[in-house]
Structures are given as C-alpha cells and as structure tokens.
Amino acid sequence: MAYVFFLGAAGVLVGHPFDTVKVRLQVQNVEKPLYRGTFHCFQSIIKQESAFGLYKGIGSPMMGLTFINALVFGVQGNTLRALGKDTPLNQFLAGSAAGAIQCVICCPMELAKTRMQLQGTGEYKLKTKNYKNSLDCLIKIYQKEGLRGINRGMVSTFIRETPSFGFYFLTYDCMTRYLGCEAEDSYVIPKLLFSGGMSGIVSWLSTYPMDVIKSRLQADGVGGVTQYNGILDCIRKSYHEEGWRVFTRGLTSTLLRAFPVNAATFATVTVFLMYMKSEDNLPECEPGPVIHQPSSL
C-alpha cells in the first residue's frame, strides 16, 4: 500500500496551501479583517511569511495520513460487504461509516493543523511561538487540557465528516456508472478525473458550513479569550455578527483545491485497482476506492 501513502502525501503537498488560506479566512476577525478574499490572502501570506507560511501545520496531516487511509479503506470496504448489495444507498452508508470512524484521528490532527496555521498571525500573533511543530502542539494541548482538549471540535467534525464521506463515495459511484468508466474505454482517464473532481466538490458543498464552525471552535481560545460555549452558540454568534455569508468563508479556496486533488486521487487509485484486478492480484473490489485528504477532501 506504499502507493496509497505517496499519492496521499502528494495530495497534501498540493492542497495544503489552499487549506491554510481557507482556515485563515474562516476564523479572521470580522471587525479587523486581515484578508479581503482568497487571492489577497494568498498574496499576503507569501509577502509577510514567505511561501513557507502556506505550509504551516502540514506535519499534522502528514502524520495522520497512513492511519486515516487505513481506516477509510478498511471501514468502507467492510461495511459495503456487510451490507451485501452494491447500491447507491449502501455506498452512502458505507462512506458515512468510514467518515464517522476516522474522526477519532481526524479531529486531533485538524486541531493541531489549525493551531499551527494560525500561529503568528492577526490576533494570534505573539513574540514567541507557542508550538514548535504539530506534535509539540498536541503534546502541549494535552498537558494543559487533557484528552478533552485534544478532541476539541470532535462533535462538529463528526457532523461534518459523516454525511460528507457518504456523498463523496455516492457521487463517485454514480458518476462512474453514468459515464461508463470501463477499463477498455479509451476515455476512461478523463472520465475518472472528472468523476473524482466532482466527488470532492459535492462532498465539500454538502457540509461546508459545519467546517467553518469546526475551524472556529478549534481556534477558539488561542488568543487568550474564549468566545463560544459550543456548536449552537458558535452558529448563533457567527450568524448574528456576520450574517449568512460567514458559512461560506474560504469556500473558493476549498473548491479550487477539491477538484484537482480528488480528481488525481480517484483516477490514480481506480486505475491501479483496475490493473491489479486484471492481473488477478486482487479480489473483486468495491467501486469508488478513495484516499482521504485530511481537513478536507
């Protein structure tokens, strides 16, 4: 499964700058905004922090990559087999099960990623860095707040990931069936790329507002002041202060990343499995294998 790790790592390297921009836009102070939009955020980070600023917190998704991939593949495949028939509903249920269970790793990983991405900017700007790296971040949070601290945002992560993964697998399955993605088709690669890209977009659109809430909850308290008492309080205060547009902050950056990363991921994995199956090295595989791209598909 080495190809799974290296493909996933490549996806993280390509997509992480977009994720950094997304998080910065989601949590910035509306009264004193640092960024006017996606492209201004990119420009500002590079100008003020160099290109390396776009890769803050990348250690966290890299660390969790192998474990998340193993969970997603295992849970989705086993759930689909347990459900018996390969139907759209079962694809959704199997994907949802995979999304729910991988939250155990995904939540702490995204907490460290978010804290690292925000370190040294805006209201989080300090003379000295709180965290040396993602692992140091998790250790310090655990020492200060215990297990509850490193699982901050778990409920919002669960609410986001469960249906998101369901739509992810369902969309890919429906798209490949509709387009007739067969191994002997000379246009199979473009079809797989399009199906994978659309799967990533649909997945994000299905639960994006909850991702905004998750980011705000995980960033809450970093500057020394706690603003929210929970998910509902965060939703209420965010809407009251910024209106409905708050739930779309960072969406452009997310979609710019989602299509190419998931297109390449799905196409590569599916072609690999088709090849292995043709060589009789793999048993019958469920449609729509996937590598999860942390903090966003």
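Using N, Cα and C of the backbone, Cβ positions are placed for all residues, glycine too.
Heads up, TrEMBL stuff is auto-annotated, nobody curated it.
Annotation comment: TrEMBL describes 2-82, 86-178, 187-275 as repeat 'Solcar'.
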Which residue counts does DSSP give the repeat 'Solcar' (86-178) for helix, strand and coil?
75 helix, 0 strand, 18 coil
As a quick check of your reading of DSSP, tell me how many residues in the repeat 'Solcar' (2-82) are helical, how many are strand and how many are coil.
67 helix, 0 strand, 14 coil
Composition by DSSP (helix, strand, coil) of residues within the repeat 'Solcar' (187-275):
74 helix, 0 strand, 15 coil
